[in-house]
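What TrEMBL says about this protein:
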type	residues	note
ACT_SITE	GLU201	active site, proton donor
BINDING	HIS18, HIS20, HIS198, ASP279	Zn(2+) binding site
BINDING	ASP280	substrate binding site
DOMAIN	13-333	domain 'Adenosine deaminase'
SITE	HIS222	site 'Important for catalytic activity'
Amino acid sequence: MDASLRQLLEKMPKAELHMHIEGSLEPELIFALAERNGVTLKYSSVDELRRAYAFTDLQSFLDIYYAGASVLLKEQDFYDMTRAYLGRAHADNVRHAELFFDPQTHTERGVDFGTVISGIHRALQDAATEWGMSGALIMCFLRHLSEEDAFATLEQALPYRDKFIGVGLDSSERGHPPEKFARVFARCRELGLRLVAHAGEEGPPEYIRTALDVLKVERIDHGVRCLEDAELTQRLARDKVPLTVCPLSNVKLRVFDRAADHNLQRLLDAGLTVTINSDDPAYFGGYVNDNFTEMFSVLPLDQRHARQLARDSFAASFLPEQDKRRLMAEVDAFFAQ
Ligand code: HPA
Ligand SMILES: [Zn+2]
């Protein structure tokens, strides 16, 4: 890729819409927090932990990801983790970040819901004050757990309703179809929450369809397997349902064998609204700009694609309309230079 295209990708204003905050925990921070909190890890060093990041599928990643999150106990731990991510995102010129968090990973270990959300939220407030970066939180339900568990989590979340804008669905996809959470999502909808779900990452296109029809989600996280179903692809294009695509994640979790095999270009050619995101940057080998530069290095994408991806990152966000328009105008001004 030529240097000027790389510069554009790195410097253009962008939003990140698919990032699990627990997936931003770098091994160094995991060890620092383990020491601070007296938590014993299965790994004896940062290097040994990093060497364990050789995943074969989604589940092999999730096992290590949940183990890493076990060092998070105090409000300050959640703050420090989020602060570190936002600093990296700011350096990548992320102007708006919608972050997933997994409360059940923490409440299961006896950490209070309020501790989790308060620490993450305080870091977002500081990033807004210091860097003018906006942010929002999306609470994810772990789909390998029960509907009852999800309802209990929603109850715990309600006193903090002002601190998150929506809900999502993550963790082990296969065998846990969206309809398992139909009633929880219906309740969240009544509460005025924004709705998203992971679908069509490892799971079949059918899960994308039921996420739309049964859960009534507004965006699909990943969704890359939609291309296996022509009618579904047409529907996604026609209805402008955004897909939050995470290229390095897809390669690390073997959804595609190599970056060059990624279907990003075909998704764009099909007229879909696509955004590029980092998913779990500490585990998958890069932050959002690394995802952009990798895809533009191996696929025949050009400056027009870059502009479209930047614009659509704001268009697909849950920002108020006037903020979307302002940020998309900034993208246009940036590319007009
Ligand atoms: O990519 C993912 N898929 C499902 N669950 C997850 N939880 C963190 N990252 C992911
Ligand atoms: Zn994800």
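The backbone N, Cα and C atoms fix where each Cβ goes, and this holds for glycine too.
Excluding the listed site residues HIS18, HIS20, HIS198, ASP279, the same chain places MET19, GLY23, PHE100, ASP170, ASP221, HIS222, THR244, CYS246, SER249, ASN277, ASP280 with Cβ atoms within 8 Å of the centre of the Zn(2+) site Cβ atoms. Computed over the domain 'Adenosine deaminase' (13-333), the whole-number mean pLDDT of the model equals 98. The recorded positions near ligand 1, defined by a Cβ under 6 Å from one of its atoms, are ASP280, chosen from HIS18, HIS222, ASP280.
A straight line from the CA of HIS18 (Zn(2+) binding site) to the CA of ASP280 (substrate binding site) spans 9 Å. Cα of HIS20 (Zn(2+) binding site) to Cα of GLU201 (active site, proton donor): a span of 15 Å. With respect to ligand 2, the recorded positions GLU201, HIS222, ASP279, ASP280 contribute ASP279 as residues with a C-beta closer than 6 angstroms to one of its atoms, given in sequence order. Comparing local CB density within 10 A for the recorded positions GLU201, ASP279, ASP280, the maximum falls on ASP279. Most buried of the recorded positions HIS198, HIS222, judged by other Cβ atoms within 10 Å, is HIS198. Across the structure, HIS198 (Zn(2+) binding site) and HIS222 (site 'Important for catalytic activity') place their CA atoms 6 angstrom apart. Taking the residue listed as 'active site, proton donor' as the reference point, the recorded positions whose C-alpha atoms are within 10 Å of its C-alpha, out of HIS222, ASP279, ASP280, are HIS222.
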